Amino acid sequence: MMPPTRLAGTLIPAMAFLSCLRPESWDPCVEVVPNITYQCMDLNLHKIPDNIPSSTKDLDMSFNPLRNLGSHSFSNFPELQVLDLSRCEIQIIEDDAYQGLNHLSILILTGNPIQRLFPGAFSGLSSLQTLVAVETNIASLEDFPIGHLKTLKELNVAHNLIHSFKLPEYFSNMSNLEYLDLSNNKIQNIYHKDLQVLHQKPLLNLSLDLSLNPLDFIQPGAFKEVKLRELTLRSNFNSTDVMKASIQGLAGLQIHQLVLGEFKNERNLGRFDKSILEGLCNLIIEKFRIAYFDKFSEDAIDSFNCLANVSTISLVHLYFKGLKQLPKNLGWQRLELVNCEFEQFPTWKLDPLKELVFSANEVRNAFTQVKLESLEFLDLSRNDFSLKSCCSERDLGTTRLKHLDLSFNNIITISSNFLGLEQLEYLDFQHSSLKQVSDFSVFLPLKNLRYLDISYTHTQVAFHGIFNGLISLQILKMAGNSFQDNFLPNIFMELTNLTILDLSDCQLEQVSQVAFNSLPKLQLLNMSHNHLLSLDTLPYEPLHSLQTLDCSFNRIVASKEQELRHFPSNLSSLNLTRNDFACVCEHQSFLQWVKDQRQLLVEVEQMVCAKPLDMQGMPMLNFRNATCQVRKTIITGSVFTVLLVFLVVVLVYKFYFHLMLLAGCKKYSRGESTYDAFVIYSSQDEDWVRNELVKNLEEGVPPFQLCLHYRDFIPGVAIAANIIQEGFHKSRKVIVVVSQHFIQSRWCIFEYGIAQTWQFLSSRAGIIFIVLQKLEKSLLRQQVELYRLLNRNTYLEWEDSVLGRHIFWRRLRKALLDGKPRCPEGMADAEGS
């Protein structure tokens, strides 16, 4: 073992060497997309690691102490398209720092304390479209060297130290600029000269955000004849007077959308005064949006008269106190009221209005009927409404409605089948509690409906005609509902144009084989989060256009081999993740199919085994077929061994007494026999045996010694053992007394079977058959072997007559004398008798 002092002397230099290694020489970055996307965030790097390939297109180097960017800092990565250098402590960017990045489209410099920008700091960025320089100590746009970036579309210099709104001359070169974010700077005044470049060369698609600047003054006429896409002024004014004067300073502006208001956590104005918006009469506005004003009084609505010709009005997070109705002379075509608070549901009398969004509001009284005859688009989502009667022309006051959104509300009772609303193309009830929707064909008149969402509406589908009439439907979402007996029947008979169907989280356990027979155009089917136990592919066979099938988050164990052939040929994406797969040899064909279909299966690496326990969590791709071959061999060998042992046991059990007889034959083969004959007979014939057989043979001349069970068997020993050991082993011959009782006795037949084996094993053995009476052939044939023996061999037949008796006893004694040791006296007596 190495001494402690020597060990320390070895480790300390090694640790010192490792501490000197820079992270750049390791492999610290996360490879998100191989050779394309790398994330190196917050790794204490001082430069780009050497292992990053030159083919990289997306690189995140944020939160690393890069400090200074020298010339050609990124020349090794000519394919870069996105570069994030947020909070890298960058203080100096030298000339040509980004030289060679001809494909870079997004550059993020957020949170760098830049002290010096060389004139050519951004040279070489010929394709740059987005530049984010938030919180980078920029004090003036004129000193920001970006005039050559002609492809720039978005410039974000928010949260800097810019005091002047003057747009530099180089903005005239940025004809593609669409978004300029100057929010949260130090701009207080806006003068006509600041917008000189926009007067000379208008940027018609430019959206300008000046929010959170402490504006005090906008020179009247500064925006005259200026055309903008969007202007945002939120939380800019510290008083209503300043806001009113500033809005008047916007006179002459032509703008697509104007956004005014405050932010939730940046409130400067306590009350909204109707005079604030008077200056809007001097602007040409297409869309107007106002957000986060408290105490928006009823008379403040009069200020909307200056917005009478605006096409779209958005009112967000406002409190309308006492508002009952809107002015009649407004020409609005779209009205959005979102996250507002009303004391009562307002009365709408806007005849030109085509679109109404009334969403996520708080209304203290109940929903009342809407009377807007021109309305085509109605969004009443997220208001916690309860509708006792829905939905018809009488409820919504229009016959032109094409879009109806009642999602995320309370209880909605479907009392009529959309009478007068036959033009509907979009209908959304998701996460509202629907009543009576499955009682009848509620959607029958909606021949033009293309989109229907009844997800999570507590609907139990029991009526098979629930979707009758929806002949134009293309998208059906009904996740989170239930079906009778958790079985999916064919309820889509008329939905022949359906392309997307969502049946996720419906507690489905089984799917009818004909459930999808009427959906030839279906392209996407979501069956995830159900309780399916197997991958039954037969229901999907008619879906010839199916491209995506999601069966994830079920309880699928496997699929039968013959079922895997029935997937539609156009299927390109199959999701089977998060199931209860059994990685056992029984499903070997399915496991092999998973390996063969890697391109078809989504996240196949995430498909893991759930059973057996020793493989739980193991990727299915790691399952080896060789394991099954070994197991098959072991199982086959084990089964064969068990069967062999079982066969041996059965044979031993069946021929146990025959084996005992064999052992006895070997033991007694050389010795003298104790008995001349062992008598096998039925207990019903015992009188004849005692009175005739025993008396004549044992008391006759010569005398014969017979073995009889009632007299010679040893007490306490099993009957079968006595039969073999006392009967067969100690007897020269066997006398079988055949009678009707004998044939019907199981013990007699057993003894006779042992006698046959005994005769086969012992060369001296002989069986003498005595037939007491005539036997019916039908009865005798029940014992086939006995019947054959009596037909092939000579036997004695008992006749109860003087002559018959004489012949019988003479023949029997002769048979018994055969093989008996000769005795002169006995032989003489026998001859005399």
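Using N, Cα and C of the backbone, Cβ positions are placed for all residues, glycine too.
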Record Swiss-Prot, residue C585, disulfide partner from C506, C551, C628: C628
Selected from C20, C40: Swiss-Prot disulphide partner of C29: C40
Rounded distance in angstrom between the Cα atoms of C628 (disulfide bond) and C583 (disulfide bond): 11
Three-state secondary structure, which DSSP defines for C390 (disulfide bond): strand
Distance from C390 (disulfide bond) back to C281 (disulfide bond), taken between C-alpha atoms, in Å: 41
Candidate disulfide-bonded residues C390, C391, C609, pick with smallest Cα gap to C40 (disulfide bond): C609
Nearest of the disulfide-bonded residues (C583, C585, C609) to C390 (disulfide bond), judged by Cα-Cα distance: C609
C609 (disulfide bond) in three-state DSSP notation: strand
By Cα-Cα distance, the member of disulfide-bonded residues C29, C306, C391, C609 nearest C585 (disulfide bond): C609
Residue counts (helix, strand, coil, in that order) that DSSP gives for the repeat 'LRR 13' (448-456): 0 helix, 3 strand, 6 coil
